[in-house]
Every structure is written in C-alpha cells, then in structure tokens.
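S.K.: Structure below; questions to follow.
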C-alpha cells in the first residue's frame, strides 16, 4: 500500500555555479509537477531568482532563502511537511539533507526523506564508504585508500603508488581533485583538496591513464526493479572531468559483452546503496582489454541525467519523483511516448553529442588545461543520424565562431602540426578543432591518439571530415550528390560556401533548387518502433521524409538562449518559457528552437513543439519553409537571437516585437551614440575607433580612464577600462578581434558614479518600467553587481529624468516588447551607457520583486497595448528585494578574483526582506561559499579603492566581534596592520573568516585572493558592498523567513 504524503518540501540547488547549473531547474520543476499530479501540497526552498522553478505555478509555496540547513529548518518549523525531497537540487540539496538528518531536525519534526535514504547517500558520496560498499558486494573498484589528513594522504599515496587520482568526498564538480604524479604534487595540493570536501575526506586512487570513461543512467524502484536508461560514452579519457568531456549517446565503441557487463554492474551498484529513483554510475574501461572498474555514483538527478533525459526522451526526473513517492516502475507511464511504462529501456535511432562551453578567456591567470575539476559554464547537445553530422552541429551550437570541425579560425590558422599536437597534449578546450588542424598538417591517427587517448574510432571520423573538406576545396562547382553528402556529414551552408569560395546565398539557392533540405524527425524513446505522442523533434539530412505533418494557422517560433556561458544563463530560459506561455494566448501554435539539455524550455511538455536543433539563419529559414511561422521571436533568448535578427528580417522573416533595424541601432555602439546625441540625452563623451590617431587625440582630450566597448557582445566581452595609452591600444585590438564586423566605441569612464538600470516594456508609446540600483559603483559589470529594488541612494529627481529619457527612446525606436537601459549617475546627471532591446538578465528578479511578469506584459504591449493611463508607470514596491552574484572562482584553477566591466559571475541569488539589510544578508548568504563569520575569528580588509568604505567595513566587523587586520603595504587609518606574508600565512592556516578588498592588485595580493577561494573563505571584492554586508552582519538576529507572497513578491 502506497502512503502519499500531504505536504512535501523540495530543496533546490540555489544560484548557478560551475558544476551545478540549470539542470536542477529542469529536474526540480519536473519533480514539482509529478507531486502536483498527486494532489500533494509542495513547498520549495530555492534562492535562484532566475529560474522557472521559482515562479509560483510550480510550487504552492516558495521560500527564497539560502539553501543551508538552518534556513531550511525555519521553513520546516513553519510548514511542517510530511516528506522532503533532496535529490533534485544537486550536491547542495544533498548536503542540506544530510545536515538536517545529522542535526536531528528531520527526526524532531517527523519529516521523512523520500527516495534514496541518507545511509544510501552517504555510501555513495563518501569515497571511503563507497569503496567499502563496492568491495563488500564484489564489485570492481580501482586500487585506492582514503585519507582525512595531509599526513595520512601522503602515507596512503605511497601504498597505492604514483600517479594517483585524488578524489574528494561530498563534493561538487571535482573541486579540489587532481592527478598527483609525484609526492611533491600531492604535498602542494592536498590541503586544498581536503578543504573542498564537505566532510574533510579524500580518496587516493590508482590513476588509470588513457582509460575510457563511460556513464550509465539507471532507474530503480522500492521493489528493486531496475531499468537502464542510457549509456553515455566520454570521448575524453579518464583524467578529464566528465562535465568537461565531449560525450556521445548511445555508446559507439563498446561490444555487446562490455555493454552487458557494465549494465549488470550498474544495477548492482543501485542495489548496493538501496537506490530509489535515479542515479548515474561511472566506469573506467581499459581500451586494450576486457577490464573495467566502477569509479563513482551520484544518487540524485545530475548533469548527466539531464543530458540522458533529453538525449533519450525518457523523463528521468519526473519518473524519479514518482518512484520516490512509492510507485513501481511498471505503474508509471512515460509521458513522452504516451504509450509505454517507465520500465521500457529507450532505443535510439540517432546519435547525440554533448560538448561543454568554456569562457576561460574572461579570467586572468586561469589554467587553460582540462583536468579533473570542472571549469565549463554550460553545454550544448546536438542530434544527428551520423556521428559527423551530430559533431559538426554541436560545434556550431557552441557559438564560438567556429562553423564546424573544419573551415574555421583554428583550421585556417598558421598553426603547425607540432603546435596542434602540443595543444592536444595540454588538453586545451575544444580538442577536436586542434585534432582537425593536426590532420590537415599531416599528423597520423596514432600521433593524435598518443597525445589525447581519444579512441581511434572518433579520430578516424574527424580525419574523414578533413579529407572531404580538402576535396571540396578543389571543386569549382558542386553537384547534387556531393552537396547531399556534404549535408549528411553535417557541413553548413557557410562551410560549403567557404570551401567553394562562393556566397552562402549561392549554396542555399542550389540546395533549394535541388530539393536538398533537411527532414524533421521525432524523438520518441522507441526508435520509431511504436507510435508515440511526442512533440520533440530535430532536423537531419540523413533521412527521406518528415515524421510529422505541418499544421496551418497563426504560428510563432521562439528562439531559445542556446548554450549557457557567462552572461547567458537560466534567466533567459525563464524569459523563453514565460514567452511560450504568454504566446499561447495570441497564437494557434507556439514552437521553440533551442539546444540546451539543461533547461526547462527543452522539456517535452513545455512547448507545443520543441525543435532541438541549431540556432542559425540557415536553420530558421529551413524551419520557416516547412512550418510557415507567421512570426519569429528573437528577444527572449539573450544575445543569440539579437545577433541574427537583422539578417532574418533581411530574408523576409517577420520579427515579433521591435524591428531588426531598431535592434541594430541599439547594438551598434556608434549608431546608438548618435541617436542619443540627436535626442539630447546625456551620455559619456565618445568616439568611434576608426584610427589610432583619433583614439589617442580623444583620450588626451577627455583624460584617462576611458572605456573600450565592442558592439553586439554579451556580458561585457572585451569591455575594458584603459588607464594608459598602452592599455588602450591593446584593448582596442582585442575588441576589434571579438566583433570585427561592427564598430568599437571609446567613451569617457565616469568614476565614483552610481549605476542603475531600468527593466521595461513598451508598446511604442507608453512604458512600464522597474528601477534597479547597484550597490557597487559604476565600473563593475551589471551581471556581477548587487542590485536593490526599490532604489536607495538615487534621488526622485534623477529617477524621473531616467524615466523621461527611457520614454523618449522607446518612442523614437518604436520599441515593442521588453528592453533594458543602463545608466551611470554622477552629480545629479543620469548618463545612458547601454540599451538592450531584448529580455535582460535582471528581468526575472525585477518581475518577481514587483509581482508582475514583464514578458507577459510584453505580449500585451505588442498586441493589445499597455493598459494604464500614465505615459510611464512603475509598480510600487511592498518590501525590499536584493539580488547577489554567484562566482565560481574555486572551480577556475589559478584565476585571479577581481571585478571590472567584463562579467565574471556564473549565477545569481535573491532574497526578500522587511528591510534592505534583511534582504541583502539573505541574498549574500545564498551565494557559495558565503557564511556568517565565526565571532572571535580574523578578517582581512585592504585595498586601493573605496578606502572610506573599507575603513567603515573594518569598524563594522570589529563591532561584530572579529579581529580585523589591514595589510601594512596598504594600510587603513586606525586599523592594525600585518605584512603581506603574515596575511598569506593566516589565510593558508584557515584562520581568516572573511576578506574584504577592492581594486586590481594582482601583482601584490594574487596569493591571498587565490588561496582564499581555494580554501572556501568568503571574499568580497568591492568596498561598498563590503560596507553594506558588514552592516547587515550587525542585524543578523533580525532576519525574517517568510514565504514570497508575504513580502508581496512572486509571479
């Protein structure tokens, strides 16, 4: 008999960080849906304001609080749930669940853990317990020993024998893990590894050099029935974190014996931890014989399970939630197929490729080599019917300016064979580009295998693409058969046109004349063997007919956000999903085009039709040819839609909302600056970078510092503050590289100004706007800034002038839909610095803070007009809301932590409060590794900017109970100083509770900042924020823990 709980608490994962991203928005949303179907009341704790999950429609009650045990205890005390789900919020949620269990909170309030129990979680996540469990069950694991101290680690590594893989228990994204080739390597890094473990434990394991890494996804119910859902093959060998690896599904190089043996072991691993729900099991396979080891398991929804779910069409998170409620596999219907029960193992008639997306160029000093720690910030997934087609599509999806395996910047560079092999040996990101270059320059398969350990099967495929492309280049014209073969191998129109030295339009014309167009295929989990009710599709040239009939009517295609990177994250998926829902009121059919496996928008039951495919002019035009969409919406998915808007419009596509020509004016720095001059709106002095002579003259006239700003970029890519001529010339060179087709603008950088923004919606005549004020001064990228609603320091007069400016721009550009305007305010003058004619990164926050969905309002503005009498309307604020940035410094090996005009954060959290400090502190505490400092500990406060704020910060921290030191080389008035060496020593000894600093001081304090983030010590990189947070510490006892609607927020 199944006992259904009446109220269930679901723990989210908090803000997006490297290794814990939007996959938990997807999995948590599915879990909440599964609970709702059962009539169960749901309560969600999650501080990630950007997610779809933290919209009211998913959970009955939402608490936007730090995802830590003491905050969750307050919710349990108030809500009294019967059950708790901790398997849908990543490692963060599991850690909270274990803490609540150990501290007796679950027992005290009689809350039952649903799904895999705590002892099973501990068996899986403690490296020592996992090893013991596997050995007890006669399951093969590599030779290894655990350790809980530096001395024990050094002793046990000698027993295991070098090289050793250091694995970290209860850990996220391999943080702190490494391969130690010698004792010296181990001694240098073992303290950091132990610091990154939630329980202070590591495993020293024999390093399996160049072994193949594989993952299996398994479902298991309370009766022990199991179904293996996917086998995923990592192309990168052991030693590269699976989140950093290019992977394919189904596995391509296993024989039946290998596949079946590991499948059996997977089921045994699930049984040994008494899994209820879903887990993934990772294996190492000897490429030269039938020898395999079990490496680890994650007893929760994970990045891999999100990928497996999207790759197979099997709704893992939904089914897992049902199993946690006590269902058996045969009782749950697979909602994607609509025909089969959850015990059916999927069958695939296509190949899926996942490639991670890195943004390492944004960080100074970061280690560029891929290793055991995850550094990628997002991923893409492509679907094709040949490996070549799937791989080339995935490379284009990365949006890194490469058209596929061949024909791009790397392939056409002057790099020699030796240089390409060197990059491959160093494990640089996007290895397939260097492999293709090496083959082009004459490298053999064996030479590339020796430096990479990548299976020869895949290397042969890449070499085949190189050979085909070189043959293509020798042709003057292309015949129908060669063109069809090229398309089947995944070549884009752009690649083919480059090879033939023709235009893209020429290739498209021949394609249409020869009827060489892709066909639409369904993902149904059943390889077409059973009829299915799915709406989940992709396009391929390896097919002869479409799997669907295309409907007529008033139809909308929404362009998704693509793969996440710094600057494009889950907030744009929120916009896409909001637009889907709003659009269904105005269109007969709404479809979405996206290729991110982590997101809610690519879930099977969100869109009427989901096209899991490339976002490009070529693909959109192909889809319009088939589907006859009346409109295409490019404004909800971040920069990627805006980048193709103008070209789509030039090809006859009707854009929803603001015109492509208006978007071009906003995105092109020179055109936008001229528009502001025409309207008489204040902006910093500027010049378009046409010659070095003019730039030099301008800089001398306005004085340094100046800001270098490329066009059509996101997250401040290559945006730099230049303090000298030398820096100016270097930054202009970089900016023209990143955005060569568009002008680079140099403007006067206004120091010590307040930065503010308006998120808004217009119908071309009226404006609905929300004002956000930054705590940090102008010069810190808005994506890294802490934001407050309502504003605090701006005067009403300034805000009214900002609103007036916005209204004038909206009317001049005939803005129809969402937009965001950024201002700097100095001496009572607001200066406009940027306009984005699309949904903004802050829109989920501003919408939830005010209780009004700006994307829904956008659709009303476009079709019905805004329905208020004023020209400009801002909804009133009922309470305070504060948004904080989440940084992932600890994952980015070697990176120097500092803030500037280029974005560095990976996610965001928000909280609400009855006072500004109530909201600020909960918001700040929601970002890892921030915590309330232990009184009687040490704080370091120093810097070369915002010195008055740093001094006041030091005073506040002293009042809080900390011993505060400044550094003698950068003293603060009346604050005790220590020298730099002593400061480093205190940080390494983990005696420092918090660091507050400001300014770019890499030559001086690199070791202090880097060691702090390696050891999980909270660090605040701005004096103004440090002051406000330190003041909030003094009000710690008055924090409130209300449900979001009690603060008047939520949508």
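Placed from the backbone N, Cα and C atoms, the Cβ positions cover glycine too.
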S.K.: Quick check: of 737, 796, 834, which does Swiss-Prot put in the same ATP 2 site as 709, 748, 750, 755, 779, 780, 781, 782, 822?
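M.R.: Swiss-Prot names 834 for this ATP 2 site.
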S.K.: Which single residue out of 152, 268, 296 does Swiss-Prot record at the ATP 1 site shared with 127, 167, 173, 174, 206, 208, 213, 239, 240, 241, 282?
M.R.: 296
S.K.: Once the DSSP letters are reduced so that anything not helix or strand counts as coil, what is residue 127 (ATP 1 binding site)?
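M.R.: The three-state answer is helix.
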S.K.: Cβ neighbours within 10 Å, counted over all protein chains: which one of the binding-site residues 709, 781 has the most?
M.R.: 709
S.K.: Round to the nearest Å and give the CA-to-CA distance linking residue 781 (ATP 2 binding site) with residue 206 (ATP 1 binding site).
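M.R.: That separation, Cα to Cα, works out to 44 Å.
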S.K.: Do you know offhand how many angstrom separate residue 750 (ATP 2 binding site) and residue 834 (Mg(2+) 3 binding site) by C-alpha?
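M.R.: Roughly 14 Å, rounded to the nearest whole number.
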S.K.: Looking only at the region 'Carbamoyl phosphate synthetic domain' (549-930), what is the mean pLDDT?
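M.R.: Per the prediction, mean pLDDT sits at 94 for the region 'Carbamoyl phosphate synthetic domain' (549-930).
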S.K.: May I ask for the distance between residue 709 (ATP 2 binding site) and residue 834 (Mg(2+) 3 binding site), taken between their Cα atoms and rounded to an integer number of Å?
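M.R.: Just about 10 Å between their Cα atoms.
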S.K.: Counting other Cβ atoms within 10 Å of each residue's Cβ, which of the binding-site residues 127, 206 comes out lowest?
M.R.: 206
S.K.: Whole number in angstrom, please: the longest C-alpha to C-alpha distance across 709, 748, 750, 755, 779, 780, 781, 782, 822, 834 for ATP 2.
M.R.: 18
S.K.: Cα of residue 836 (Mn(2+) 4 binding site) to Cα of residue 296 (Mg(2+) 1 binding site): how many Å, rounded?
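M.R.: Residue 836 (Mn(2+) 4 binding site) to residue 296 (Mg(2+) 1 binding site), Cα-Cα distance: 45 Å.
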